[in-house]
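Peer 1: Here's a structure for you.
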Amino acid sequence: MKVLVLGAGQLARMMSLAGAPLNISISAYDVNSDSIVHPLTQQPLGKGLDKAIADADVVTAEFEHIPLPILAQCQQSGKFLPGETAIKAGGDRRLEKQLLDDAAVRSAAYHIVNNETDFEQAIRKLGLPLVFKSALAGYDGKGQWRLKRAEDAAALWQQLDAFLQADSKQSIVAEQFIPFQREVSLIGARRANGDVQVFPLTENHHVNGVLSVSLAAAGNEQLQQQAQQMFTAVANQLNYIGVLAIEFFDVNGELLVNEIAPRVHNSGHWTQQGADVCQFEQHLRAVCNLPLGSAALVRPSLMVNILGEESVPEAILDIPGLHLHWYGKTKRAGRKMGHINLSGATTAELKARFETLISLLPETAFPELALMAARLK
Ligand code: ATP
Ligand code: MG
Ligand code: MG
């Protein structure tokens, strides 16, 4: 099978690595340069989306912020999975909120803001504090504003107004600020026949809006059931095919959806060694209409993102159960350059290994890791 991936980043790269043993070959389409590139070397292989689609059996995506004409063209081909509607819902917070409402899945109360009247209504209806998010193009916490105090509303409106004026396609989604205890995500796959397999819930820690650590250990069965039910409702609503990720806020054991990602997800990288079949293979199985693999946890695992660093101390490779994954990217401040996966036979062993890892990594480049080590019990 030949799978074309829209996007040529690390997710396409890891799909390519996972697909090879199944004889599934990946080509990556860089939407910015209109070129097909090799998913591992980034070497240009040709130009033009028409040809790329014609050469592929299946078309999928590694990100959701894709120009609409490209989505339409892929949809036209009849090869696009999970398809235009799902990708759009992941890339536009207005459609995402509508989807969650339609699927009767809980998320933060919201109000869509296009003008000053909407802005005032949002504050009246939802109360403070509020989080304002750009409807389009937000990722890694970019395109967000917070409002805590009524006296700051006028100044914030100036900023939001300028933002809305600059792009007629944008809106802002005002959301109630959720005082969550933890952030968790559920990654799962759905196949055309309706089969669903979900990985165990992953606990996530963000630093400055960017994912830093994901942790998958023996979890709470009640929470897992809740997440799985919400996942299935969203996936069925979309008639979804492929891997889908859902981010949740855990508020005293009650889950609220934060957002969805219609693709493989950074918080699922631990599945490369903590699960039987990793999320990348699972996605390829789903979109190629092959049986899904078991998504059960094989061993407690975690992932640490490498952000803006080109190297890590070699000595970390001495830690048993550790695997290092580089993405072959050129360095930029804060850029996702690679990740570290770590496993243990038991949670206690994982914790001990994580503490060794923390002692070897520079604090400045890997802040707040100890907070997550404390979660491992
Ligand atoms: P991603 O890179 O995960 O796609 P994003 O830019 O789409 O990020 P969100 O996930 O919506 O942004 O928000 C980023 C972070 O901001 C969340 O992980 C959470 O920590 C915080 N946050 C977002 N919405 C809320 C909310 N309503 N209440 C409290 N915190 C929030
Ligand atoms: Mg997002
Ligand atoms: Mg998010």
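Heads up, the Cβ atoms here are built off N, Cα and C, so glycines get one too.
Small disclaimer: the values here were computed from a predicted structure and weren't measured.
From TrEMBL, for reference:
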| type | residues | note |
| --- | --- | --- |
| BINDING | R93, K133, 138-144, 175-178, E183, H206, 258-259 | ATP binding site |
| DOMAIN | 97-288 | domain 'ATP-grasp' |
Peer 1: Looking at the binding-site residues R93, Y139, I178, N258, which have a C-beta within less than 6 Å of some atom in ligand 1?
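Peer 2: Y139, I178, N258, by Cβ distance under 6 Å.
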Peer 1: Around ligand 2, within a Cβ distance of under 6 Å, which of the binding-site residues R93, Y139, K142, E175, N258 show up?
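Peer 2: Among R93, Y139, K142, E175, N258, near ligand 2: Y139.
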Peer 1: For K142 (ATP binding site), what is the tally of other C-beta atoms lying within 10 angstroms of its C-beta?
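Peer 2: The answer is 11 other Cβ atoms.
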Peer 1: Give the mean pLDDT for the domain 'ATP-grasp' (97-288) on the 0 to 100 scale.
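Peer 2: The average pLDDT of the model in the domain 'ATP-grasp' (97-288) works out to 97.
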Peer 1: If I restrict to non-local contacts, at least six residues apart, and a C-beta distance under 8 angstroms, what lies near E175 (ATP binding site) in its own chain?
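Peer 2: The list for E175 (ATP binding site) reads A108, A109, Y110, L126, L130, V131, F132, K133, given in order along the sequence.
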Peer 1: For the binding-site residues listed here (R93, Y139, I178, N258), tell me which residue's CB has the most neighbouring CB atoms inside 10 Å.
Peer 2: R93
